[in-house]
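So the structure is just underneath, and the comments pick up after that.
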């Protein structure tokens, strides 16, 4: 898929105020500081489309970007930022859960995982919750350029092994790097193929 246009549409905290219409939505979510904004900018080839920050947990809104006048890329708040107070954590959880459970246009949720880390309990529990609620999702392992030699493959295999303990069938997954654009073609082609099916069935 070639990205010919990408524009910011709206930010809000209320799923009921999200854009109307039938365009499929592909949402991106992950723990704070997983590299979500950098990935979005890399996928869209728009350096400043999603604002990056040195401060984890900065994204606290549902951000809609219209891509190619045919689908929405949705930047969801990050979860699990330790320095956010309990009230703030509860607010973010409500925003995330309301969007995921209520937004009919959401076609696929991309869960971002830092490939440098061992499987984190918060990520595993979140994906388990998605499975329990029948939410279609895929995994994107980020920051692949930060690992040398066979470490990347070993980390991902460890993660898949951990997921296999709870899942009979593993979700699709992608390996990405915002620095060298690894995974860009695969992720965009995946979105394009799903969108074709969506429009074919309308």
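Positions of Cβ are set from backbone N, Cα and C atoms, glycine also.
Straight from Swiss-Prot, the features:
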type	residues	note
BINDING	30-37, 57-61, 75-78, 142-145, 173-178	GTP binding site
BINDING	37, 59	Mg(2+) binding site
DOMAIN	22-197	domain 'EngB-type G'
Residue 37 (Mg(2+) binding site) and residue 30 (GTP binding site), distance between Cα atoms, whole Å: 10
Please average pLDDT over the domain 'EngB-type G' (22-197) for the predicted structure. 90
Just to verify a number: CA distance, residue 145 (GTP binding site) to residue 37 (Mg(2+) binding site), in angstrom, no decimals. 16
Note down the number of other Cβ atoms within 10 Å of the Cβ of residue 61 (GTP binding site), including every protein chain shown. 16
Highest CB neighbour count within 10 A among the binding-site residues 37, 176? 176
Rounded Cα distance, in Å, between residue 176 (GTP binding site) and residue 37 (Mg(2+) binding site) is 13
For residue 34 (GTP binding site), name the DSSP secondary structure in the helix/strand/coil scheme. coil
Counting every protein chain present, what is the number of Cβ atoms, excluding its own, within 10 Å of the Cβ of residue 145 (GTP binding site)? 15
